[in-house]
């Protein structure tokens, strides 16, 4: 049976992820609350990389909240695509960091799944940075993260969390479809003129 903290964390993060798919500014405060609670849940499950990730998410959510509201010279940031060279550099750095972190976690901790957990950490940081900039590709990276996370959380007997990450996987596909439409040039013109 899920613990009370796991239930609370999942409730807030689920609300945050649904709000993100809808391109709502409320994604950020709901995410902050959920990530604080998830930090404790993951620490108890000995998923230390995921614990660290929650701290990053809290800080990134505060920055994302500000950026979405005023990050484009005082104006809200619009949904847009990432230049391929910038995306490749970000993802390359995320994977390199994840591998280095995994070896450190394996050598110096009793982490339950250092390599998968570290890859989730590295790619989640990349996805979050993309989301902070309202970049469409964040959803593609979240799809990969959720694909890795579901079996990991299931193996640690975090069944509710595994089930919700399966839902997040579906939500990421829906959000990708929605955000791709928002990033079309004719849609951007309509948004900028509104």
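Heads up, the Cβ atoms here are built off N, Cα and C, so glycines get one too.
Over in TrEMBL, the protein carries these features:
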- 25-43: transmembrane segment (TRANSMEM)
- 49-66: transmembrane segment (TRANSMEM)
- 87-105: transmembrane segment (TRANSMEM)
- 111-132: transmembrane segment (TRANSMEM)
- 139-156: transmembrane segment (TRANSMEM)
- 162-179: transmembrane segment (TRANSMEM)
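Most Cβ pairs under 8 Å with the transmembrane segment (87-105) belong to 111-132, among the candidate stretches 25-43, 111-132, 139-156, 162-179.
Between the transmembrane segment (111-132) and the transmembrane segment (49-66), the number of CB pairs under 8 angstroms, six or more residues apart, is three or more, so the stretches are in contact.
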